[in-house]
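What TrEMBL records for this protein:
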TRANSMEM  56-88  transmembrane segment
TRANSMEM  109-128  transmembrane segment
TRANSMEM  148-170  transmembrane segment
TRANSMEM  182-202  transmembrane segment
TRANSMEM  208-234  transmembrane segment
TRANSMEM  246-269  transmembrane segment
TRANSMEM  322-344  transmembrane segment
């Protein structure tokens, strides 16, 4: 390539590349700042405070309100939590897509606003259809219409996406080619960030509500603790992407989160409602969380290291095995989770915006609160599949029940032969 340039084959190409290298973030068009959505009653009550303390109180009051609402949704059950995850996903998608519209001035692109939401519908149809087929097989088996939809679910999903793809190609106009492809890529990356991760959140929830609550609460705790330690003790900048983040807040948030996760896990592990896998009961048409808790949620005795024995005077300690896993979850939430926030900060700096939106006074948009949660959801899913989850007889049985009778008989004969070879069944035994 360099030889080609030196030979003069493209005299303007090198100059063009240099011009591109000199482009900076200053070339990004300005976006109007978000409006202040703080309720008037709060503005009047805090009018005498400095901007720093006013923001402290607004963030604190709204944090308590959001946490209280979250506890209410937990009380209402698993289905309401799933609806909450879906609502947050849609709002985060809306906030990111809106930034794309504003940055690239793409409001007038033909069909594109409709296509963005159409692609969101297609991807959600695919993921939620996979969940229904996986966890609600018995329910689907009783309804012939649903059997058709589930049997051809992936083909239908592909056909829906292909329709949107063709509509996008038909919408291309000569003077907007580049802009339209920018927005096409923007939409798909946004779908990858929001829809895929929220699907993993729901997958974690089905493993047991504790796998949903501990990671999410750890991220919230780390965010609050880091803010408090940074507010009162922060002096040393942590990263240029987030000038307000400090090493004091980062370290204080880490220790606070590990302690919180360990204690919070101990409380949740005592209740079946939180530790049992979420399953759908087709007879009562309700989600149930009743089971015999696994070994992860049964008290065990662990020997303490010699150093702790000397300090505490204890030789052993009783705790739930899940509490050890909570340390891994809390550590990730504290050390790696914040990089999701740093990534979001870099994104906002790239497009000259302070927050994704002004949905929550003092906090910004929904995406500003959940930028770390998406990264955490992926880690928890990988952690469960790598270190926790084994064969699930209940799920396997549901899949066997939807097979044709001759297929079920074939599985029965194969399993019987295998058990006889293992010496578990006697050849003459009638089952």
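A Cβ is built for glycine as well, from the same backbone N, Cα and C atoms used for every other residue.
These figures come from a predicted structure and were not determined experimentally.
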Folded-back contacts onto the transmembrane segment (148-170), same chain, C-beta under 8 angstroms, at least six residues removed: 111, 115, 118-119, 121-123, 125-126, 129-130, 132-133, 140, 180, 184
Beyond the flanks of the transmembrane segment (208-234) by 6 or more, those residues with Cβ under 8 Å of it: 56, 59, 63, 67, 74, 78, 81, 201, 244-254, 256-257, 260-261, 264-265, 268-269, 273-278, 289, 297, 322, 326, 329-330, 333-334, 337-338, 341, 372-373, 376-377, 379-380, 384
Residues from the same chain, set at least six apart from the ends of the transmembrane segment (322-344), whose C-beta lies under 8 A from its own: 210, 214-215, 218-219, 221-223, 226, 239, 241-242, 245, 250, 253-254, 257-258, 260-262, 264-266, 269, 275, 296-297, 356, 367-368, 371-376, 379-380, 383, 387-388
